[in-house]
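Taken from Swiss-Prot, the feature active site applies to 7, 66, 138, supported by sequence analysis. According to Swiss-Prot, the Mg(2+) 1 binding site annotation covers 7, 138, on the basis of sequence analysis. For 66, the entry in Swiss-Prot reads Mg(2+) 2 binding site, with the evidence type sequence analysis.
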């Protein structure tokens, strides 16, 4: 299974692709979609195009997006929410199921604690994906989202199998 993880952002939208085979995770690629300052509609269009290119190039089977947090600046929060909409829309347009995870859930899955620092996330992503060259903190976060989704899908599959066995 190939998983695309997305860390939404208006200026820098991180993405990471991993392959999952059983409990084995393998890094495929990671990067950052950038948008320049200026007209919001053009920035969103740019992010849409870049993320669409990532999907076309790497052909993921599923995707996952990190929830955004609300901060004191309402305008910034709304703009971030619009970028997150692009992060949800592009994989959905490609027919993919899209998982959504809170930042604390991602950190808890990858690092072991829900309030981990960026450096801890990057360190643990490197441990999960040996040899990975991270394009930046946003790409590391996106890979962490992909790892979280892979673990969640595996756990859900094991639970469904156990319930099916118990029902027999």
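From the backbone N, Cα and C atoms, a Cβ is placed for every residue, glycine too.
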Same-chain residues six or more away whose CB lies under 8 A from the CB of residue 138 (active site)?
7, 9, 12, 13, 14, 32
By a simple count, how many Cβ atoms lie within 10 Å of the Cβ of residue 66 (active site), its own Cβ left out?
25
What is the total of other Cβ atoms whose distance to the Cβ of residue 7 (active site) is within 10 Å?
27
Sort residue 138 (active site) into helix, strand or coil using the DSSP assignment.
helix
